[in-house]
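Below is one structure, written out as structure tokens, with a few remarks after it.
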């Protein structure tokens with residue numbers, strides 16, 4: 001089964017927790033702090049595997065959660081970083097964040113990698129919090145939560161040339177006679193329901209990959225007739241070969257077919273019109289084909305170069321292949337996506353107080369609910385079993401401006417404040 005789009009969940013490993021520990025040393029309060037830092041959580045890394053051809057495996061496994069880092073230990077020993085979770089994908093896979101629509105990676109070459117969900121850093125042990133006024137702190141951090149997201153995987157076939165046109169115009173037959181590909185061919189519409197690839201050799205030491213794409217119909221750009229699934233595979237091609245049935249046996253007008261297909265390409269992705277297009281008048285061995293071709297030429301004008309062929313008899317096919325090979329030599333690749341830059345520019349352990357974003361809402365029972373990435377991360381990294389950690393969290397909330405914002409919303413002593421699933425009292 002050919003699967004070219006799936007939604008999956010990925011989560012980087014949480015960082016390991018820092019440790020509160022002390023060493024035994026004479027004249028040093030409590031022996032001095034000796035708690036180690038937690039190890040970094042594992043990343044979720046996508047790797048291109050050239051042997052894969054479809055996203056079928058993701059139909060059965062849709063959750064990928066990397067391991068957390070090892071916790072810090074006594075004697076100042078830091079936890080070990082966990083090994084990254086490797087997820088293999090086929091060449092041509094585009095990874096998109098479902099929530100934002102951002103393109104996270106465009107994976108095309110064997111061995112190419114991309115970090116899709118970063119692991120969290122390890123929490124600091126108590127030795128990191130020692131100061132002149134507090135030489136033996138009873139405080140350590142929990143590990144930072146790993147990044148988590150839902151992502152859409154789209155497979156867009158890697159081909160130099162894409163065959164487009166209405167169903168049953170002869171695309172599959174053409175591919176079968178110019179390459180060793182053996183697509184399914186029959187006298188009914190939508191025989192081809194998945195892309196078929198074939199390597200074409202021109203006879204003068206040139207070759208290229210051609211894709212027979214499923215037939216398009218009017219409204220394909222809006223998803224009619226599985227149009228989105230079909231059209232996405234054209235995006236990587238450098239040359240479009242537009243196959244038109246000149247026989248008239250289907251009762252359609254060749255010129256109307258030509259206009260309709262080009263409109264669908266334009267509506268789906270305007271950049272598809274930048275690619276050179278070779279117009280192929282197929283089925284020229286049929287009785288009315290010559291007359292239909294003349295009428296077609298009158299409507300499109302002299303600017304459109306047309307290659308009359310018969311895929312069945314191979315008439316005109318050689319000239320067509322040479323034209324396509326010539327175009328490929330002068331046509332650059334078209335980048336189909338601008339990949340988002342998610343490089344980590346944060347400074348470890350530095351609390352940024354400017355621009356901290358959070359939301360405060362109020363439930364029907366009067367509970368204040370605080371949400372936002374920074375406060376939720378800080379909350380998760382706090383060890384609430386230790387009083388010093390609780391006091392530090394209170395200072396961090398004040399530093400973020402949350403206390404002041406709660407007062408502005410009318411919060412008073414004893415009001416309930418909620419972060420994630422935890423509730424506590426507001427003390428002014």
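Think of each number as a place in line: the chain as shown, counted from 1.
Each residue, glycine too, has its Cβ placed from N, Cα and C.
Annotation source Swiss-Prot lists domain 'Obg' at 1-158, citing sequence analysis.
Across the residues of the domain 'OBG-type G' (159-329), the predicted structure has a mean pLDDT of 82. The domain 'OBG-type G' annotation in Swiss-Prot covers 159-329, and the record cites sequence analysis as its basis.
Per Swiss-Prot, GTP binding site is recorded for 165-172, 190-194, 212-215, 282-285, 310-312, and the stated evidence type is sequence analysis. Other Cβ atoms within 10 Å of the Cβ of residue 165 (GTP binding site) number 24 in total over all chains.
Counting every protein chain shown, the Cβ of residue 172 (Mg(2+) binding site) has 24 other Cβ atoms within 10 Å. Annotation comment: Swiss-Prot describes 172, 192 as Mg(2+) binding site, evidence class sequence analysis.
Here the domain 'OCT' (350-428) has, by DSSP, the following mix of helix, strand and coil residues: 29 helix, 17 strand, 33 coil. The domain 'OCT' feature in Swiss-Prot is assigned to 350-428; the stated evidence is sequence analysis.
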Where residue 172 (Mg(2+) binding site) falls in three-state DSSP terms: helix
Cβ neighbour count (within 10 Å, all chains shown) around residue 283 (GTP binding site): 25
Euclidean distance between Cα atoms of residue 172 (Mg(2+) binding site) and residue 165 (GTP binding site), Å: 11
Cβ atoms near residue 310 (GTP binding site) (within 10 Å, other residues, all chains): 22
DSSP three-state assignment for residue 310 (GTP binding site): strand
Cα-to-Cα gap, residue 310 (GTP binding site) vs residue 172 (Mg(2+) binding site), nearest whole Å: 13
